[in-house]
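Student: Straight from Swiss-Prot, here's the annotation block:
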type	residues	note
DOMAIN	3-79	domain '2Fe-2S ferredoxin-type'
BINDING	C37, C48, C51, C63	[2Fe-2S] cluster binding site
BINDING	H95, C99, C102, C109	[4Fe-4S] cluster 1 binding site
BINDING	C147, C150, C153, C200	[4Fe-4S] cluster 2 binding site
BINDING	C157, C190, C193, C196	[4Fe-4S] cluster 3 binding site
DOMAIN	181-211	domain '4Fe-4S ferredoxin-type 2'
REGION	252-984	region 'Formate dehydrogenase'
BINDING	C264, C267, C271, C299	[4Fe-4S] cluster 4 binding site
Amino acid sequence: MQEHLVVTLDGKDYLVEPGTNLLEFIKSQDTFVPSICYNESMGPIQTCDTCTVEIDGKIERSCSTVIDRPMTVNTVNNDVKDAQKEALDRILEKHMLYCTVCDYNNGDCEIHNTMDAWGLQHQTYEYKEKPYEKDYGPFYRYDPNQCILCGRCVEACQDIEVNETIRIDWDREHPRVIWDNDVPINESSCVSCGQCATVCPCNAMMEVNMEGNAGYMTDTEPGSLAAMIDLTKKAEPGYGPLFAISDSEAEMRKERIKKTKTVCTYCGVGCSFEVWTKDREILKVQPSHDSPANKIATCVKGKFSWGHINSDQRLTKPLVRKNGEFHEVEWDEALNVIADNFTAIKEKHGPDALSFISSSKATNEESYLMQKLARQVIGTNNVDNCSRYCQAPATKGLFRTVGHGGDSGSIEDLEKAAMSVLIGTNTAEAHPVIASRMKRAQKLFGQKIHVFDIRKHEMAERADRFYQPKPGTDLAWLSAVTKYIIDHDLHDKAFIDEWVDDFDEYYKSLETFTMAFAEEATGIPESELIKFAEECAKAESVVICWAMGITQQDIGSDSSTAISNLLLVTGNYRRPGTGAYPLRGHNNVQGCSDMGSMPDKITGYQSIEADDIRAKFEKEYGVKLNPKAGKDNHEMVEGIHDGEVHSLYLYGEDTGIVDSNINFVQAAFEKLDFMVVQDEFLTFTATYADVVLPASPSLEKDGTFTNTERRIQRLYQALEPLGDSKPDWKIFQAIANRLGFDWNYKHPSEIMDEVARLTPLYAGVSYDRLEGFNSLQWPVQPDGTDEPILYLEGFNFDNGKAKLFPLSFDNYFKQDEIYDIHVNNGRLLEHFHEGNMTYQTPMIKYKVPRAFVEISPELAEDRGIHEGAEVKLISETGEAVLQVHVTDRVKGKEIYIPLNNDAMENGDLGAINLLTNSDVDQYTDTPSYKRTSCRLEVITKRGKSPLNPNNFRVNKKRQPQYSVQVQKKWERSDYVFPGNQVDK
């Protein structure tokens, strides 16, 4: 087999691998060829024609040429230069050069840079204004008069994000980008991911925050300076002086526009990007091809929802309650109050009378210090985090079967899989960038997507097959499918023999899991389950993703175990494109648990009850550690009611809204002797506190986050803390020192060094190795070697073998006669969790102003209600009043309530957890949020819709197509390929 081909480039021979993109090869040799429509994250689009070169004597586009034979390539002869100039002239016919007064003149305008690098001095075709106005959406705007029709935005929308909203109407006299069937941006199905603005090579598609703000002389139009620009063009011998002026102005901008690499503070995907700031103003968020988790993709929150950073509701001074009212105080007083109360409670009731809840929004280093504060300084293991509310059952299931509590591969593997199975995950709204990778794999590469969910969300709509089991019955069909695969000799016997223990015992436990049993339990027809089982067994590679629809059940641990059992039986571990993916909900919920903010585990999931583990930490900490596992979140609340817990310190967590059965939780808060809350805002939970400490968000500190794929990434401080707020790690250090300890960390890197010394899972992690966009996926060996795919050398048990885990099922779903409606709940794309951060961005709030309840058309008809009706939902634990959105995303007596009730403005009004109960998964104490029933009372029969009429949910209008459909451009009567004009 031929390994390399000879390519002669401008007279010099090179050995090149077959399949290499010619344009990429030319660039790799530091040879300049213009390529305005090409983007390395998207590949060839073929609209601009600027990348023409001569290949074996013929002028062709280099961007779409694959090196599949020996070639002679010329980039410099006259014919090539003439063809390139013709293409560049056509671009300037569509785009006015007013660089010095353009907000996009920041050194990265690809039109400016290309014209300058090519040496263009004059344009042949005069710029022609088009008969269109600018179109403004909430977050970005489109200027048709600057658009060169490169189609990058279309490619991004159609084939990268796969939101399928944007296209080019090539049939017009003056083609332009349109949204849906030619409606304004704000009336379209656009989900505001912002990737169109990210990839635009010029100022045609641009973030609203950039407009009029980026340059020294910019305004929203060229304005009065346009005449000067035209005069300069005519007076100067070429464009060189004009570019020199704009380059100087762009260089000046660097003095006031700061570009800082950070990691998104919302979901668990772990998107990284540069945030552009001018003073405290956030101009834009710019992802990079080097971003390891997301590449150039973002969602509306990561790209645009940064209003919380400069919100006027930010806490800037400590608050201490005096005579029932909060008063601003200096840090010294607040720290004294905390130290005095912690000391008094510990002396009176013992260390286990104090409890600590860590934040999945904070950094790894801060989570580590929170548990260190609890264990070293106070002497208790009463420390936990919000993985208790969502992901603990998934971790339990994976610990049982494969030994590591994390995704078994990378996000890339989700794209490589032949089959993706989504169970109880609203991926397109909870993890939108991951969903885009899977939608792309399905659309372009034939991946099969199977969705099991009680709600018809976007991924269910797009699925090759969609199954709607009864609530909480996934374990039944998972085990029945596994049994069928084994019974019909479809299991991977070789894989099981080499890599899996306990097969015989496990197989016996499957005896009752017949397909008939599964159909009765789940309501999914036996024939559909059989077909799924056969496809799953025969697929070359399978990944299974799951989230809160599985974990937030009273059998969440067992259902998660059943998922891993199925993957083991089919041999879908230890290979690219396979494995288990419990999609983590928060930006650092994985890392928070990794750092030991758990009652029974210290860093890296080392048992606090193990003598050798405690001895290691005791040597580092200089104190004896409590050998008894502490209380988890659920047990803390119970302990408060039982008089065992007297103090609670929590940060970055609105527990009084997000815990289940919040009437019970709030009643517990009122019983506490002393409560400390640390947050950006005076949250609903903070209103119960005795001391509230002002904390700094992610843009105001350094640190690391660990995402859902176990990827550890650095974030860099972009802004100074607002007012007297402080990073959480500095606050913990101040409290520890006020209590008599001598913590002396100067920078979070020192904290991570300590973690690495104590934690085999993070042994080789250091800030040097995480510089810039570099990342590591744990476990990380001391030499820095990481594991993007787990278990290649064996599973995380002593003998290297996985374990099949026997299960049973008696969790039939039965609807209560009185509480006859099943309440489902979860996230929305625009908001995160309770919405404390996202509601601070006005345009996010404009898109989704309040929480609501989704009701099926059949239930609405049965109760005689319509869109906008107001209803009261009543469960055994509480009641909530919400407005109705009628939609076929839910069916029958299933309803869906988003989590975002804007608690800072509305308190607990409309909060889903007024309805949830205190039932939990028996192995992890994770609340059974998804196992809630209620009855419905009608307050008003109709009203104003709770959704903005322009919200994409109201009227889906997607316009799917493949890429930019450049052939329609080529078919136009006014188009001639530039190469044809110079070919002889």
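For all residues, glycine too, the Cβ spot is worked out from N, Cα and C.
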Student: For C150 ([4Fe-4S] cluster 2 binding site), which of these binding-site residues sit within 10 Å, Cα to Cα: C37, C48, C109, C267?
Tutor: C37, C48
Student: Anything within 10 Å of C200 ([4Fe-4S] cluster 2 binding site)? Look among the binding-site residues C37, C99, C193, C267, comparing CA atoms, and list what you find.
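Tutor: So the list reads C37.
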Student: For C299 ([4Fe-4S] cluster 4 binding site) and H95 ([4Fe-4S] cluster 1 binding site), what Cα-Cα distance in Å is obtained after rounding to a whole number?
Tutor: 29
Student: With C196 ([4Fe-4S] cluster 3 binding site) as the reference Cα, tell me which of the binding-site residues C48, C63, C99, C153 is the closest one.
Tutor: C153
Student: Restricting to the domain '2Fe-2S ferredoxin-type' (3-79), what is the model's mean pLDDT?
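Tutor: The average pLDDT of the model in the domain '2Fe-2S ferredoxin-type' (3-79) works out to 95.
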Student: Please list, in sequence order, the residues in the chain of C37 ([2Fe-2S] cluster binding site) that are at least six apart in sequence and whose C-beta is under 8 Å away from its C-beta.
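Tutor: For C37 ([2Fe-2S] cluster binding site), the qualifying residues are I45, Q46, T47, C48, T50, C63, C150, G151, R152, P201.
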Student: If I take the Cα of C271 ([4Fe-4S] cluster 4 binding site) as reference, which of the binding-site residues H95, C99, C109, C147 has the closest Cα?
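Tutor: Result: the closest of the binding-site residues to C271 ([4Fe-4S] cluster 4 binding site) is C109.
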Student: Using the alpha carbons only, what distance in Å do you get between H95 ([4Fe-4S] cluster 1 binding site) and C51 ([2Fe-2S] cluster binding site) once rounded?
Tutor: 18
Student: How many other Cβ atoms sit within 10 Å of the Cβ of C99 ([4Fe-4S] cluster 1 binding site)?
Tutor: 25
Student: Any idea what the Cα distance is from C267 ([4Fe-4S] cluster 4 binding site) over to C193 ([4Fe-4S] cluster 3 binding site), rounded to a whole Å?
Tutor: 14
Student: Could you check which of the binding-site residues (C153, C157, C190) sits closest to C109 ([4Fe-4S] cluster 1 binding site), going Cα to Cα?
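Tutor: Comparing Cα positions, the candidate nearest C109 ([4Fe-4S] cluster 1 binding site) turns out to be C153.
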Student: At the level of the C-alpha atoms, what whole-angstrom distance separates C99 ([4Fe-4S] cluster 1 binding site) and C147 ([4Fe-4S] cluster 2 binding site)?
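Tutor: Approximately 14 Å lies between the Cα of C99 ([4Fe-4S] cluster 1 binding site) and that of C147 ([4Fe-4S] cluster 2 binding site).
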Student: Near C193 ([4Fe-4S] cluster 3 binding site), how many other Cβ atoms are within 10 Å of its Cβ?
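Tutor: If we count other Cβ atoms within 10 Å of C193 ([4Fe-4S] cluster 3 binding site), we arrive at 28.
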Student: What is the separation, in Å, between the Cα atoms of C193 ([4Fe-4S] cluster 3 binding site) and C153 ([4Fe-4S] cluster 2 binding site)?
Tutor: 11
Student: Non-local Cβ contacts of C190 ([4Fe-4S] cluster 3 binding site) (under 8 Å, 6 or more apart, same chain)?
Tutor: G137, N163, T165, I166, W179, F952
Student: Measuring CB to CB from C51 ([2Fe-2S] cluster binding site), give everything in the same chain under 8 Å that is also at least six residues away in sequence.
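Tutor: In sequence order, L23, V33, P34, S35, Y38, R61, S62, C63 meet the Cβ cut-off.
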Student: Could you give the Cα-Cα distance between C157 ([4Fe-4S] cluster 3 binding site) and C264 ([4Fe-4S] cluster 4 binding site), in whole Å?
Tutor: 21
